[in-house]
Every structure is written in structure tokens, then in C-alpha cells.
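Shown next, in C-alpha cells, is the structure this report addresses.
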Amino acid sequence: MASWAEPSEPAAQLLCGAPLLEGFEVLDGVDDAEEEDDLSGLPPLEDMGQPTVEEAEQPGALAREFLAATEPEPAPAPAPEEWLDILGNGLLRKKTLVPGPTGSSRPLKGQVVTVHLQMSLENGTRVQEEPELAFTLGDCDVIQALDLSVPLMHVGETAMVTADSKYCYGPQGSRSPYIPPHAALCLEVTLKTAEDGPDLEMLSGQERVALANRKRECGNAHYQRADFVLAANSYDLAIKAITSNAKVDMTCEEEEELLQLKVKCLNNLAASQLKLDHYRAALRSCSQVLEHQPDNIKALFRKGKVLAQQGEYSEAIPILRAALKLEPSNKTIHAELSKLVKKRAAQRSTETALYRKMLGNPSRLPAKCPGKGAWSIPWKWLFGATAVALGGVALSVVIAARN
């Protein structure tokens with residue numbers, strides 16, 4: 001694999017300093033030779049040393065020696081720009097290699113930026129290069145290292161970013177591009193353009209589909225890396241692109257395509273919310289899917305799981321049975337339903353025992369203790385018997401009155 005390219009000439013000047021007296025060579029010439037002839041009869045200067053025959057024969061040799069002796073000490077080269085610790089933890093740092101033009105601005109959240117990206121491992125092995133990578137700033141379309149560092153750049157700037165794996169591909173790594181697990185990365189980023197994002201209301205049907213699909217694919221990538229917060233954010237952005245008000249007419253086919261895409265995003269959003277234990281939000285997402293597609297197996301299954309996580313076994317079991325009826329061979333639904341039936345039986349047993357305890361365990365009458373008479377009967381039984389007797393008398397009176 002290729003390693004990092006050398007910095008460009010402007011970057012080298014920024015890091016090492018520009019050379020002094022760039023026009024020095026124009027001092028050589030005929031006039032210098034004439035000056036040398038005029039000085040030939042003078043004794044050598046002790047503090048400068050006598051030139052050799054070869055040096056004296058070169059045109060302008062004494063002039064060059066004189067200028068070298070009288071030339072002021074060169075100014076020290078400016079130190080390279082310090083690294084900026086973006087988050088203050090040393091895990092994400094940025095250094096400007098080539099500054100942006102004077103007056104250039106920084107991009108804002110929500111703008112679409114285009115960058116030239118070169119990505120390498122810490123050992124210098126280049127793993128990816130994207131000459132025209134475009135993404136919406138702040139939408140989590142790319143790794144966090146880019147989303148957090150690009151807002152600190154000016155348009156036209158080139159910067160080096162070093163990032164811990166936490167802000168790149170994490171413990172899972174990546175297949176494409178291939179990134180090993182827990183790999184820190186070096187990014188060379190050039191911010192080329194920054195433009196306002198699209199007006200969702202003015203998007204055509206196909207443009208909405210394309211935008212929503214991009215956000216959904218970003219969510220899928222985050223989900224596969226077990227970054228469920230970012231996955232949920234991407235799915236939510238996809239749904240927003242689909243459901244926002246439209247000022248452009250769409251065909252029936254486009255509306256149907258958007259509806260199918262919305263269902264996919266809601267299902268994936270519910271899966272992410274389940275992973276985050278956000279049960280109420282997951283329940284809302286599943287319910288929205290079932291409003292459009294009452295027989296959607298994924299939504300039925302996830303809704304049943306959400307209710308089960310909340311302890312609502314009586315509601316969860318019929319929903320899972322409905323899902324199993326739609327797909328009888330699904331082993332996952334079979335296993336989940338069997339588990340819930342057992343949990344429901346255990347829950348009922350616990351509830352029965354609790355009710356008996358609250359009512360004084362009526363299934364077993366207390367044994368008579370020696371030395372105790374009728375007063376040993378609990379007061380609640382006496383009160384209950386009295387109430388029943390009074391009720392019977394009242395009922396008899398009513399019947400007699402009617403007759």
C-alpha cells in the first residue's frame with residue numbers, strides 16, 4: 001500500500017519557513033568581476049581569510065565572501081503550528097497544513113461540504129482516498145473524526161487529523177475500506193467547498209428517495225458497528241426527508257416508493273431503539289409501521305418484544321401469535337413466544353400467591369387453637385357473613401314487596 005504523500009510546496013513553506021534573500025544569485029555578474037580586479041592589489045583581510053587560487057579565479061568570489069560575512073543572521077524558522085486538541089482528551093487532534101485563503105469562512109452545520117480525503121493507518125499505510133467526498137455536516141453521514149474536525153477548517157484549508165478508533169470505526173473495524181478493529185487513523189483533509197443543504201420542500205420525488213436512501217444506508221453502517229445512537233439519528237433524518245412537506249407534485253409510484261422506504265426506516269429505527277432500551281420510542285415506531293402495514297412481521301415481532309420487555313405479557317403474546325400465523329416456520333418467533341408463555345405462567349402464579357397473601361390465605365382456614373372459642377374466627381369473616389345475611393334479608397323484602 002502507498003504511504004502518505006509529502007506535503008505540497010506551500011505546506012512545506014508553512015512548516016519550515018520560506019527561504020531568505022530569494023534573489024541572491026543576481027548579484028553575480030560583470031560588475032562583480034570588475035570589483036574583484038580593483039581589489040586585487042590590496043592585502044588580504046585577516047578577519048576574512050585569504051581566498052584560494054581557485055576561489056579567486058571565480059567571477060565575483062570576493063563579492064560573495066563579503067556579502068556572506070556582512071549578511072545578517074537568518075531569522076529562525078517559524079515553529080510548526082501546534083496540534084489542536086479538539087475534545088480536550090487527546091484522542092482527536094487537528095493541525096493545519098495549508099491554511100485557507102484570506103477571508104475564507106468555516107462551514108456551518110447542515111451545509112453540504114466536499115472534501116478531498118486521504119485516510120491512513122498510524123504506520124502510514126493508506127487505506128482510502130476520496131477526491132470528492134460530499135456529506136452533510138452534523139448529520140453523522142461519515143465517521144465522527146470528520147464530522148467533528150471539518151467544522152474547524154476554512155474553505156481551501158488542508159489539515160492533518162489524528163483520531164482514536166473511538167471516533168473512527170471502533171472495535172468492529174470496517175470491511176470496506178478495510179480497517180482493523182481498534183485502529184487509530186490519520187486523515188489528510190482538504191475542504192474544497194461548503195454549500196447550503198437542499199430545501200426539502202422543493203425536492204422532487206426521486207430526489208427525496210435518493211436522499212432518504214443515503215441516510216438509511218448511513219444508519220445501516222452505524223448499526224453494523226453497534227453505534228445505535230448514530231444509527232437512530234440517521235434513520236430519523238431519512239424519515240424526515242420522506243415526510244416533510246412537499247411543494248413539488250409527485251407521481252403515485254413515487255409516493256408508494258416513499259411509503260415503502262418509510263416503513264423500512266421505521267423498522268430499523270425501532271430496532272435501534274430496542275438496542276438502546278428506549279421502549280416507548282420503539283413502541284411508537286412499531287405502531288407507525290403497523291398503521292401502514294398491519295401484517296408487517298418485523299413490526300409485529302418487535303412490538304411483541306417491546307411489550308414483553310415492559311412486562312406486558314398478556315398484550316405481547318397475541319401479537320407474537322399473529323406474527324407466527326403469518327410466518328409459521330419462523331423459529332425466532334416460535335422461541336420468543338414459548339419464552340413469553342412460560343413467563344406469563346410464572347407471572348400468574350406469583351400474582352395468585354400475592355392475592356392469597358393479601359386476603360389472608362382463604363384457601364386454608366386457620367386451625368382452632370386450644371383455649372380459644374368462636375372469637376378466634378377472624379373479624380373479616382364475621383363481617384363478611386353479616387353482610388351476606390343483611391343482603392339476603394333485603395332481597396327477601398324486595399321480592400315480598402313486588403309480590
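The backbone N, Cα and C atoms fix where each Cβ goes, glycine too.
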* **region 'Disordered' according to Swiss-Prot, located in which of 26-54, 345-373** => 26-54
* To do: Please name the residue among the recorded sites LYS298, LYS305, LYS325, LYS343 whose C-beta has the most neighbouring C-beta atoms within 10 angstroms.
  => LYS305
* **Other CB atoms, at most 10 A from the CB of LYS262 (ubiquitin cross-link)** => 19
* Given the recorded sites LYS240, LYS264, LYS275, LYS331, LYS342, which one has the fewest other C-beta atoms within 10 angstroms of its C-beta? -> LYS331
* May I have the DSSP-based helix, strand and coil counts for the residues of the repeat 'TPR 2' (263-296)? => 27 helix, 0 strand, 7 coil
